[in-house]
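Accompanying notes for the structure given below.
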Amino acid sequence: MIPGPATLPDLLDRLHVVALPMRVRFRGITTREVALIEGPSGWGEFGAFLEYQPPEAAAWLASAIDAAYGQPPPVRRGRIPINATVPAVPPAQVPELLARFPGARTAKVKVAEPGQTLASDVERVNAVRALVPTVRVDANGGWSVDQAAQAAVALTADGPLEYLEQPCATVGELAELRRRIEVPIAADEAIRKAEDPLAVVRAGAADVAVLKVAPLGGVWALLDIAAQIDIPVVISSALDSAVGIAAGLSAAAALPQLQHACGLGTGGLFVEDVAEPAIPVDGALAPQRVVPDPARLRALGAAPDRRQWWIDRIKACYPLLYRRSGD
């Protein structure tokens, strides 16, 4: 169920649309637009990527409503270890990026991006490995099974990997690859973009489940899925602002078990954010409520045409939400 009352006029009255400049290109963008909802229970973030159509983006709106109108789950831990995130940058930029994640002992490195070669991926991973003891890579489904098997060999020639995140696009490919290689496999898109988020686990196609609050419909929806998964869970952001990061930390703090560092340190990828970014202490963040700074909201406000674009998007997604919930 979607928390209420969250009528469409009420949502739009509480809306702030911001454009956050990024330090480096990530997912092909240099500015991250998100819509924030100032609700009676707190702040929610609707940041479905621009190319997502309403049927997929609606879950992200559900997450924003959940945060703005609902109540957070009980906190089980006050410290969430995080990983550094390294985009597809030249090796020379790696030290500067890692410095934004003080104390992090795990790093996730983007690989298999358009225009990048396996050789450049290996160089980037090795540059990270020289500075951080635990390395995982994220291919965003960019490889075939054969390419992923080849990459697994190349990327582990100079040291181990914690896991390969979404090396191939489909559940069938992940299952086949898992039979062929020894490197653990984590599923991300195969969970958050699937009609059945549990299919990849039932197929024995992953060793780790990467769960993201917004695409799964909110903190409570994520925790419900996590309770049905019998493999370790990693909570990660979807290039969220400080508001979305707070929701991710809330989810991570509520899990019964947390075996791996979480991908919730991505606030360091922004030049400016809507609130003062949380600084990791000894590689960890504490769950806490985030209230955007009014001055930052004004300074980072999106252009009028972009604000209207997000209003139209919410209008398109909202009916899909409540149809799904049975209201």
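Even glycines carry a Cβ here, placed using N, Cα and C.
Here Swiss-Prot flags Lys110 as active site, proton donor, drawing on sequence analysis. Neighbours of Lys110 (active site, proton donor), defined as other CB atoms within 10 A of its CB across all chains, total 22.
Here Lys212 (active site, proton acceptor) comes close to Asp188, Arg192, Leu222, Ile235, Ser236, Ser237, Ala238, Gly248: these same-chain residues lie at least six apart in sequence, with C-beta atoms under 8 angstroms from its C-beta. DSSP classifies Lys212 (active site, proton acceptor) as strand under the three-state reduction. According to Swiss-Prot, the active site, proton acceptor annotation covers Lys212, on the basis of sequence analysis.
The feature Mg(2+) binding site is assigned by Swiss-Prot to Asp138, Glu165, Asp188. For Glu165 (Mg(2+) binding site), the same-chain residues lying six or more positions away in sequence with a CB closer than 8 A to its CB are Lys108, Arg136, Val137, Asp138, Ala139, Asn140, Ile185, Ala186, Ala187, Asp188, Val208, Val210.
Counting every protein chain shown, the number of other Cβ atoms lying within 10 Å of the Cβ of Asp188 (Mg(2+) binding site) is 25.
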